[in-house]
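Report on one structure; see the data block that follows.
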Amino acid sequence: MPALMALRKRAQGEKPLAGAKVVGCTHITAQTAVLMETLSALGAQCRWAACNIYSTQNEVAAALAEGGFSVFAWKGESEDDFWWCIDRCVNVEGWQPNMILDDGGDLTHWIYKKYPNMFKKIKGIVEESVTGVHRLYQLSKAGKLCVPAMNVNDSVTKQKFDNLYCCRESILDGLKRTTDVMFGGKQVVVCGYGEVGKGCCAALKAMGSIVYVTEIDPICALQACMDGFRLVKLNEVIRQVDIVITCTGNKNVVVREHLDRMKNGCIVCNMGHSNTEIDVVKIWKRRVRSQVDHIIWPDAKRIVLLAEGRLLNLSCSTVPTFVLSITATTQALALIELYNAPEGRYKQDVYLLPKKMDEYVASLHLPTFDAHLTELTDEQAKYLGLNKNGPFKPNYYR
């Protein structure tokens, strides 16, 4: 994780997070452990819970606890366990958070619901998922967001690298580890053609799968068509596809009506953050092995459901460490920015990461590839109206 190491080395003497008390709710993996150790090296105190009941690496959680971090998580939590862990993370005598690092918005929601007075001392929220950002914008629109929030999900480095390149590799890993499926010739429908959907489609197409796409946004839909995918409604292909993958961030994308019409052996999984995309609440399941369930119909038809409709890659496999270095560095810089911002710079609203920071995160990873940036001459910079050191793109660039 080169950028986190560089950030730790460059900022350690300054301790930019001295006095920060960060409460976090993310996937607890080896990469998260490096982020937590980095935040600690920069001066912060951390308490952590998991944002997904299946993604926690128990050996990592144990190592963090042994290293003095307060961690409340284990792989395979129940729903009650999940909320208990978040509550233990927040509700502790003599310690009150002043920063929130969230993935999905559950931690923020819990504090709003149970401990709203805590927001009097909280300086800001950093959120990294589509689902969590959506919830923040809902709070802001309703006038209920009482602290500044940084939308890390829509930073260029998160969108282009974590959402696209990470999913392009991890979708195949997750499916292989759970089902041993062969992709060549398989018919796959990917619901949603955002950055996650683009990554999934590119990987499956490269493996020889026949890929269909469903999309509500005309712009993303046109991109899918131009990339060589057939745009369909789910009902049009549901009887013939071998694999269904959701990655919309929405709810009830695949419902009982779709499951009833799927063919025997169809694999159903989700690459979005939340488990709301596949409606499996009322369906009887039979556990085959870890993270693999068969849904069995009276006529003996079986549907293969992975991770109970939760995030496939982090529930059933791993994700590339290098990509998570990009996201974790972005999170760390967002925490530093909000924590040290002078009063009045940020209002009670949702903000995007400044483009200069996006470019800084990218630049920290270039040495890994022995990459050499071209520098503008004074004349070229003047012609383009840019500072030679950036930012090179406007804030609205995504």
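Each residue, glycine too, has its Cβ placed from N, Cα and C.
Automatic prediction, not curation, is the source of TrEMBL annotations.
Annotated features, as they stand in TrEMBL:
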- Thr29, Asp103, Glu128, Lys158, Asp162: substrate binding site (BINDING)
- 163-319: domain 'S-adenosyl-L-homocysteine hydrolase NAD binding' (DOMAIN)
- Gly194, Glu195, Val196, Gly197, Lys198, Gly199, Glu215, Asn313: NAD(+) binding site (BINDING)
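Taking the C-alpha positions, the distance from Gly194 (NAD(+) binding site) to Asp162 (substrate binding site) comes to 12 Å. Comparing Cα positions, Thr29 (substrate binding site) lies closest to Asn313 out of the binding-site residues Glu195, Val196, Gly197, Gly199, Asn313. The subset of binding-site residues (Glu195, Val196, Gly197, Lys198, Glu215, Asn313) lying with their Cα within 10 Å of the Cα of Asp162 (substrate binding site) consists of Glu195, Val196, given in sequence order. Listed binding-site residues: Gly194, Gly197, Gly199; maximum Cβ neighbour count within 10 Å falls on Gly197. Nearest by CA distance to Lys198 (NAD(+) binding site), out of the binding-site residues Asp103, Glu128, Lys158, is Lys158. On a Cα basis, Asn313 (NAD(+) binding site) lies 15 Å away from Asp103 (substrate binding site). Taking CA atoms as the reference points, Glu195 (NAD(+) binding site) and Lys158 (substrate binding site) are 10 Å apart.
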